[in-house]
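Here is the structure we will look at, set down as structure tokens.
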Amino acid sequence: MFTPPLARLIEQLQRLPGVGPKTAQRLALHILKRPEEEVNTLAKAIVEAKKQVGLCQVCFHLSAESTCEICRNPNRDNQTLCVVADSRDVIALEKTREYQGKYHVLGGVISPMDGIGPEQLNISPLVRRVSQHQIKEVILAISPSVEGETTTLYVGQLLKPFTKVTRIAFGLPMGGDLEYADEVTLARALEGRRELDYN
């Protein structure tokens with residue numbers, strides 16, 4: 001149905017997360033319609049990003065330098081550390097503009113079914129970082145999947161001897177109806193409740 005070069009492009013685009021066959025086909029056809037200069041600019045940007053973006057040596061977040069902007073920022077709170085599964089979580093938390101501490105990216109979650117144990121994650125550097133620096137609080141911000149819960153409990157137990165360990169509350173989304181929420185979400189929402197502050 002497609003010429004071999006177009007079929008290869010569609011196949012490669014399908015490898016991207018969230019891109020199914022129809023979306024890959026639409027993207028490929030869109031790329032072919034664009035001017036050659038624009039397509040070359042896109043291809044060059046992809047290659048440059050792959051070559052130039054690595055991991056911060058301190059927190060393992062994406063960085064074009066040995067240390068990321070967040071770790072280098074002197075205005076960030078050095079005594080609070082937020083532990084996340086991957087860089088997408090850092091980006092999501094940064095968008096809230098609520099958190100002013102530093103991060104530690106694990107690089108995934110413990111998932112025995114996928115062959116991922118604690119040794120494959122950035123857990124040892126995290127324990128070293130917390131034990132060697134004056135970290136007053138570690139916030140575990142890992143999604144509440146089965147693997148995420150396993151990771152949260154494992155990391156929490158390792159860090160407990162060194163500092164205060166908390167986790168983010170999970171609950172209902174804004175505008176969500178209670179009747180449509182699952183039992184686990186409702187239970188977490190109740191567990192994470194806080195006293196109303198009228199000030």
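One is the number of the first residue shown, and numbering goes on along the chain from there.
In case you wondered, yes, glycine gets a Cβ from its N, Cα and C as well.
Taken straight from Swiss-Prot:
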type: ZN_FING; residues: 56-71; note: zinc finger
type: DOMAIN; residues: 79-173; note: domain 'Toprim'
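Counting residue by residue with DSSP, the domain 'Toprim' (79-173) contains 40 helix, 21 strand, 34 coil. Shown for the zinc finger (56-71): DSSP residue counts in helix, strand and coil, namely 3 helix, 2 strand, 11 coil.
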